Every structure is written in structure tokens, then in C-alpha cells.
């Protein structure tokens, strides 16, 4: 069983609808119930900001500060982390530039947010993801990249560096500046970063596929088959240096086409994650809404197990409205599967009775009007 990473305290100041709130946690799962709009998801968002990035809502930091506050917000968490007990503080101060947030680990300023992954891994599932299989391909790429990030924290830096290089290329092409040596340098950088991104995604899909293959057939959630499409399809068994050369050549040959289009038409930013319901041999987008939700739950749980297996530390799960559309039997099975992962989960819902099968495996909190009771 992986080591259990768990929060013991969470304190928020001027965060969303919370002027100040403090939760004492005992390592069990945490169930947050209350009316819609009470602030349950806000608490989940705060926990999600203990990982690199902008959290489960991807909100601008300036939008997170409580309306009516002087400005800024803070999050403090104490936890039994991957390297032992640790205290993490993050937020922005009044009047600060809001594109970045401050981060302190045990009171010391962190150099980058990637340092958070030394202490915990966070995975989440929210109602906003329910349309993942039918929505835009960019949503599926973002979902896959978060899966990769949980095991390869450098993936985020590669992706942002690729985007930056691509914007530089697009700007040169838009301005009609076809300097071959300048463009070639940018395209070589894009090729190195882009192929590394694509290979990391492919590796994640392979790891998940092997784990799903080993799953018992009696699982209450359907299994998914996964593949990438739209960039260098079927080519990734070749040496990476050959792939980089091919992609760089592709970019060089498509300069005038991309200039006319106003964007780069080939690259990992154009790939799509294709998901099938294995048992039905059906594309996920053609499955019923309930089947899509069950597929997504099964996929997130498989990934959580993979993270625990490969790191030796169970990830913390944030499961927003997870029980809303599951019958009683499937809810109970879900809670058992979450238990089997060996970690701590935060779950939300409007009705506490939907979580009764957890019994004493969880702490129960009631959320109302910017306050938490329990």
C-alpha cells in the first residue's frame, strides 16, 4: 500500500466567499456537504492550489480574492507529505501583480511551484469535466497533460516553453519576417519540446493501458482504451531524434501555409485524446451521459492508482459532486475503491446521506454561508 499523504489543517483568508476559515483534519476522507453556492467547491479549489498551476477552476488569481476584502488571499496547509510533515503557504498580497502567486514551504520561499510535487500529488474530478469526451479537444489535451504532470512535473515547463516558442514563430510569420536562420532556430526548439511533450503523453497512455488491463473484470466502472490522434500518428516507436528532425522539417515546409492560416497547424497542440468504452467497443462521445461519467470516474481512479504505484505515495483526490449521479450500490463500490487507493479524498455533495456508506471512514463537515461546521 502506498504511503498516505494527508492534510491535517487547512486555513484560508479572503479566499472566495471565506473571510477566514480553518479546518482541522484527522487524515480520514473529508466530506463537505451543503447547499449549492455554499462554498464547497471553493474549499476544493483552495486545496487544488497546493499543486502547480491555477487549480481546478483555472481562475485568474485576482478573481479568487474575496469580494470586499482589502486585496489578496492566503492558503495555509499542514500535511503529512511525501517527505514527512510540511507546512505550505501560498497566495497573493494586496496590490500585487496577480499573474503569479507567492509560495512558501516550511517558511522558505519556493523557487518554483514545481517544488510542491516533492510533497504531494493532487488529482481532481469536477462537474465541469462531465463533458470532457464531447467537448473541445483542448479540454482533453489539458486533462491528459494534468495526468502527465502528476508523474512528470517538468512536462508543464516543456509545454509552456513550447507555447512561447510557437507564439514567437507565429509573430514572425504574421509580420512576413521569413528569416531562415531565425525561424530554423525557433523551429528546432519547438521540435525538441514538442516531441518531448508527445512522448510523455504517449508514455502516460501506455502506463494507464497496462494498469487497466490488469483490472478485475468485476469493477463497477467501465474501462477505457486511450489513444492520441492528430500529430505524428503511429510514429512514436521511432528514435526521438528522428522525430525531432521530421517535425522541424515539417515546420520549415509549412511556413507559408501557417502564415496564411495565422497559426501553426502541426504540433502537439493539435493532438486529441481519443477515448473508447472498451466493453462496448464504442467511442466515449457516443456513450450515454451516465456511461461517460462512469468512464471518467474509472479513468481518474486508474490514474490515481498508477501515481501511487509509481511514486510510492497515494495522491490526494478532490472529487466534487462525485456521488450525485450514482446509485447506492455504485456509490458504495466507489468509496471502497477510493479506500483501496490508500490516500485521502475530499468529496462534496448536497446531501450527507449519499455518503452514509463511508460511515467512520470519513470526517463530515457542513458548509454554509462562508463557514464550515464539523
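Yeah, the Cβs are placed from backbone N, Cα and C, and that goes for glycine too.
The ATP binding site annotation in Swiss-Prot covers 34, 35, 36, 37, 38, 39, 40, 41. Within 10 Å of the C-beta atom of residue 34 (ATP binding site) sit 21 other C-beta atoms, taking all shown protein chains into account.
Considering other CB atoms within 10 Å as the measure, the emptiest surroundings among the binding-site residues 36, 39, 40 are those of 36. Listed in sequence order, the residues 348, 350, 367, 368 complete the 8 Å Cβ shell around the ATP site centroid, once 34, 35, 36, 37, 38, 39, 40, 41 themselves are left out. Here the binding-site residues are 35, 41, and the one ringed by the most other CB atoms within 10 angstroms is 41.
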